[in-house]
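Report on the structure given below.
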Amino acid sequence: MEGPGLGSQCRNHSHGPHPPGFGRYGICAHENKELANAREALPLIEDSSNCDIVKATQYGIFERCKELVEAGYDVRQPDKENVSLLHWAAINNRLDLVKFYISKGAVVDQLGGDLNSTPLHWAIRQGHLPMVILLLQHGADPTLIDGEGFSSIHLAVLFQHMPIIAYLISKGQSVNMTDVNGQTPLMLSAHKVIGPEPTGFLLKFNPSLNVVDKIHQNTPLHWAVAAGNVNAVDKLLEAGSSLDIQNVKGETPLDMALQNKNQLIIHMLKTEAKMRANQKFRLWRWLQKCELFLLLMLSVITMWAVGYILDFNSDSWLLKGCLLVTLFFLTSLFPRFLVGYKNLVYLPTAFLLSSVFWIFMTWFILFFPDLAGAPFYFSFIFSIVAFLYFFYKTWATDPGFTKASEEEKKVNIITLAETGSLDFRTFCTSCLIRKPLRSLHCHVCNSCVARYDQHCLWTGRCIGFGNHHYYIFFLFFLSMVCGWIIYGSFIYWSSHCATTFKEDGLWTYLNQIVACSPWVLYILMLATFHFSWSTFLLLNQLFQIAFLGLTSHERISLQKQSKHMKQTLSLRKTPYNLGFMQNLADFFQCGCFGLVKPCVVDWTSQYTVVFHPAREKVLRSV
C-alpha cells in the first residue's frame, strides 16, 4: 500500500465519490481522522544515526540520507513495497531530498506502489504544489497514467487541488485530456466530486462541454445528472451544455434524471429546455434585449397607479386597499415571466429612477406655480440634472474591473505558483488573475473590482476605484433633490390645504393633508425614504474617506476581524489613513493651492506595497 504509517501522506488512494471540500488546502477529506491518529502515533526519532534510508527520507533527515547514498545505496532501488526514495520524498514534500536524489540519478518518472504511480502522482494526491513544480522542472511527465488510468490533471481534479489544476493547465496540460475510459477532467469532476467545485473552476479554462466518453458516451452533463450533482448541473447548464445529446443507451440528460427521479434536476433541465426553445422566437429575443427598459416602464406605471389609487375620489380605504393588493399581484407577474433572474437585481434601480421621475413631474405640475421665479426652483432643476448626470457616470464608468488575456492569466498563474504565492489571498479563482491590492471579487458583476467599496443596489453597479467619486456626488445630489421636494410639499400644503396644526395638533393636521392631496403625501413619503438612506450613506462615505481612508468593505472587514481579536483594532490607525486633507486629496485627485498634493495610484494594477511621498508611509492591503 502506498505510504502506510506516514503522518504526512494520504494512506487511502481510492477514487470514490467525495464530499464537498474534499482535498481542499492540500489534505484529503478521508485523511482527516486517520492521518491525525497516524501523526500522533508516529514516534519521534531521537537518534537518527541508526535509522534506515526510507525512514530518514520520510522524516526529511537530509544528512542521514546523504550519508547512506554516499556509502553506496542506490537511489533507484525500491523498497519491499516497490516504492522508491523519490516517491517517499515527494509525498512528504521533501524538496531538498528530491533535488539530491535526482542529482544522484533517481528516475523522476519511476513507477511504484500498489497503484503503479509516479512521484508526481503522489505529490498531486497530497496537494504539494511546490513539489509538483519541482518535479516538472526536472522533467516529470504529467501525461503518464497510474494504475487506475488517471493522469496528473485527473488526480488534481479528483482531490480538488485547484492551484495544481491551474498550474498544470497553464504549463500546457490539456483541459480535455482523457483517462483510460475516455473521461475528461470535467466529466470526473461532475461525477465524482459533489459540489460546485472544481467543476466551476474547470469551466474557466473553456473545456469541451459536449465531448463523450468511450464506454458510456456520456457528456459531462450526463455524468452530473447520474451522480445527482445539482451544483455541477447548474454550472454546466449555465455554460451551455447540450440537452439533446444521447448516450450509448439513447438517453438524454433529462431521460436519466427522470429515471433517477431527481425532481430538482428534472425541474432545472425542463426550465433550461424551455428557455432555449423560447430563444428561437424573434419576439422573445427582442423582449430580452428590452428587459431593463420594460422593467423601468413597469416601475413607472406601477408607482403612478399606486398614487392614483391613493388619490382616488373615495372615502373607502378598504376599496383602496383591495385595489392596491390587486395591483401588486398583477405587477408581480410581469418580472416573473418576462424579466430574467439576473436582471431582477436592477429592480431597486428602476424603483429609484421611477421615484425621481414622479418627483420631478410633481414639482413641475403641482409645485411650480408656487415656486416659479424663486431660487429654489432653479436649485431644484440644477440638482435633478446633476443627479441624473452623476447617476449615469456612476453606472456607465468602469468601476475598476481587472482584465487579462488568456495568455496573461497563464503567465500569472505560473509566476505566482513558482514564487509560492498561488493562494486565495493573491489569486482569484473566478477571474484566474492576480488580485490587485484592495480588490475584491464581486459575485454579482462576476469580476474583481479595484479598491472595491460595495455593489450598490441603487445603481446596479459596483463602486470601486473608477467610479467611487461619482458615487459620492450621486448621493449628494439625490439628497438635494429629495430635500427640495420635502420643502415643496410643505409649501404646497400651506398654499392649497386648509390646516389647523396650531389649533388641533399633529394628528388632525395629518388627516387634513391626507384628505387634501394623498398624491403629495405619497411623493413626500418617497422623497423622505430616499433622502434618509442617501444622506446616511453620504455621511458614512465621507467619514470613511476623510477620517479613515478606508472603503466600506475594508471598514467592515476590519470590524469583523476586531471581534475575533483580544485587542480592539483601531480603524484610524491603518496604513491608508494619511490625514484628513491628504485622504480627500487622494480620493478626489485634487490639490489645495499647492498645500496638499494627491498621490496618484492605479489600483487596477497595484500588486505591491505603495510608498506615499507625502507622509513617508507604506500602504499595505487590509
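Note that Cβ sites are derived from N, Cα and C of the backbone, with glycine treated the same way.
Relative to the membrane, Lys342 and Leu506 are recorded by Swiss-Prot on opposite sides. Stretch with the largest number of CB pairs closer than 8 A to the transmembrane segment (348-368), among 292-312, 471-491, 519-539: 292-312. When each of 371-391, 471-491, 519-539 is checked for Cβ pairs under 8 Å to the transmembrane segment (292-312), 519-539 comes out on top. Within the same chain, residues 353, 356, 359-360, 363, 459, 470-471, 473-474, 477-478, 480-481, 484-485, 487-488, 491 sit at least 6 positions outside the transmembrane segment (371-391) and bring their C-beta atoms closer than 8 Å to a C-beta of that stretch.
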